[in-house]
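Visitor: The annotation GTP binding site is assigned in Swiss-Prot to 15-22, 63-67, 125-128. The annotation S-geranylgeranyl cysteine is assigned in Swiss-Prot to Cys205, Cys206.
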Amino acid sequence: MASRRRTLLKVIILGDSGVGKTSLMNQYVNKKFSNQYKATIGADFLTKEVQFEDRLFTLQIWDTAGQERFQSLGVAFYRGADCCVLVYDVNSMKSFDNLNNWREEFLIQASPSDPDNFPFVLLGNKVDVDGGNSRVVSEKKAKAWCASKGNIPYFETSAKEGTNVEDAFQCIVKNALKNEPEEELYVPDTVDVVGGNRAQRSSGCC
């Protein structure tokens, strides 16, 4: 039976409410942006098929609520993550100052096997707002924070204009692969019509 081997990568996006987590995800997956803000309730996710270095992956991107009342949901959603994306608004110092809290909460609730080397990526979003005149967090300050956390990759993005979104997620995929478990999805290309049995998806270790 012919089958395609496909790896599932789970990515979590964290940050304060309103920094543009949902917009970044929609821009990357659907190439769409909406000016209408709607707070995420609990958590939601989108998937995208991506090819990287001649391999096929299913990227599962989880968008979690930034409101404190939903943070207790973290354990269920964070476990099994291959990469964590931290997002702040370059026009909001508070959202930047809260990055430490989001990072620590993820490490506590996700309990990765190697927390010191778990892959994070930082995105400074909304660089397009007011032509950059409303900016309060400098690129230098953001890069210094990344350096203090083990040289976390950093991108300045605009979900509205699509600036650096594709490049950021390529980096996210690359970093997620460093944490990839030895487990893959087997997606059958054929169905056993004669026997009347639909080929089943199964997972296993390679």
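Glycine is treated like the rest: Cβ placed from N, Cα and C.
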Visitor: With every protein chain in view, how many other Cβ atoms are within 10 Å of the Cβ of Val127 (GTP binding site)?
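Guide: That number is 21.
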Visitor: For Lys21 (GTP binding site), which of the three DSSP-derived states applies: helix, strand, or coil?
Guide: helix
